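Encoded as structure tokens, the structure appears first; notes follow it.
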Amino acid sequence: MAQDNFSRVTEFILLGLSDTQELQLFFFTLFLLAYAMILLGNLLIIVTVRTDPKVSSPMYFFLCHLSFIDICYTSVTAPRVLVALLSGHKAIAFEGCITQLFFLHFVGSSEMFLLTVMAFDRYTAICRPLHYTAIMARRACWALVAACWVGGFIHSIVQTLLVLQLPFCGPNTIHSYFCDVLPVVRLACADTALTEWLMASNSGLISLGCFLVLVASYALILAKVRACLSQGHWKPLSTCVSHLMVVTLLFVPCIFTYLRPAGTLPSNKYVCVIYTTFLPMMNPLIYTLRSSEVKESMWRLWKR
């Protein structure tokens, strides 16, 4: 049969996390509380950093942008999931699915790049303190943030174009609660081997590369402050361990998900909850609420 005779899929069905009514109520409550905490926690950080000049260093400048990215990242999936769980409407238009896929990778990859930039900022502050002010000038910080967004856009547009060039004519059921490249590619009516390898090379290698850079930067930081550790000052170690925990929660599931062709292993939609919902909720706790400067600024903001 010629490809022109195929009927084009106009919508996809997102099966979600569960068909059981009780579990759907549980997941709705879980996603609602998590989304509310993400919005409130990250908005509080943005307002605090923007209004208090005492937390205007490059580290908090990047944290402010990280909070904004977390809000955007979660908002790509959470509202749609909440509506589906509440109404039971699981269909999503083809255009809406592609749009969600694009913004998910756009914001998600931008966050990966930004976390890498933040690790470079900490490495510069600790390992090259005399040159820190010159290297991390405000113009350079804005340039790095802009580079993160541009890199995320290029990555996402490549992924989206790889999906759009595939024909979709048959099954339209996605075994997940949001549209992502791998579940969507599995539904294509064509040989997708080359497309799958290109996607794995794109998303998977970006995730792996950023993760290795982050681990290397924190290893260099710990090597630099090993004298402090020998004297019993464990704060640098505690900070690096907490940051590495967040980085691991983001990158390891992404590496597992994307650094392989679509058909080699079944996708685990519950693993996706870690980096689409749980991690954005943890970022405010790990990166800012452990900082005494941020907590003092929040307290001053509350008193005002």
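Backbone N, Cα and C define each Cβ position, glycine as well.
Per TrEMBL, transmembrane segment is recorded for 25-47 (among others). Counting residues 6+ beyond its ends, the transmembrane segment (25-47) has Cβ neighbours under 8 Å at 16-18, 63-64, 67-68, 70-71, 74, 78-79, 81-82, 85-86, 277-278, 280-281, 283-285, 288, 294, 298, 301 in the same chain.
Within the model, the domain 'G-protein coupled receptors family 1 profile' (41-287) carries an average pLDDT of 83. Taken from TrEMBL, the feature domain 'G-protein coupled receptors family 1 profile' applies to 41-287.
Per TrEMBL, transmembrane segment is recorded for 59-78 (among others).
Same-chain residues lying 6+ beyond the ends of the transmembrane segment (98-120) with a Cβ under 8 Å from its Cβ atoms: 59, 62-63, 65-66, 69-70, 72-73, 76-77, 80, 92, 144-145, 147-149, 151-153, 155-157, 159-160, 163-164, 178-181, 184, 203, 206-207, 210, 213-214, 217-218, 243, 247, 250-251, 254, 275-276. Annotation comment: TrEMBL describes 98-120 (among others) as transmembrane segment.
TrEMBL lists 140-158 (among others) with the feature transmembrane segment. A Cβ distance under 8 Å defines the sequence-distant neighbours of the transmembrane segment (140-158), meaning residues of its chain 6+ beyond its ends; these are 58, 61-62, 65, 102-103, 105-111, 113-114, 117, 202-203, 206.
Residues annotated as transmembrane segment in TrEMBL: 204-225 (among others).
The transmembrane segment annotation in TrEMBL covers 237-258 (among others).
As annotated by TrEMBL, transmembrane segment applies to 270-289 (among others). Sequence-distant contacts of the transmembrane segment (270-289) (same chain, at least 6 residues past either end, Cβ-Cβ under 8 Å): 17, 31, 34-35, 37-38, 41-42, 44-45, 63, 66-67, 70-71, 73-74, 77-78, 104, 108, 176-178, 180, 242-243, 245-246, 249-250, 253-254, 256-257, 295.
Within the chain carrying the transmembrane segment (237-258), a Cβ under 8 angstroms from the stretch's Cβ atoms is held by residues 108, 111-112, 115, 119, 122, 181-182, 199-200, 203-204, 207-208, 210-211, 214-215, 218, 221-222, 225, 229, 267-268, 271-272, 274-275, 278-279, 282-283, 286-287, 290, all 6 or more beyond its ends.
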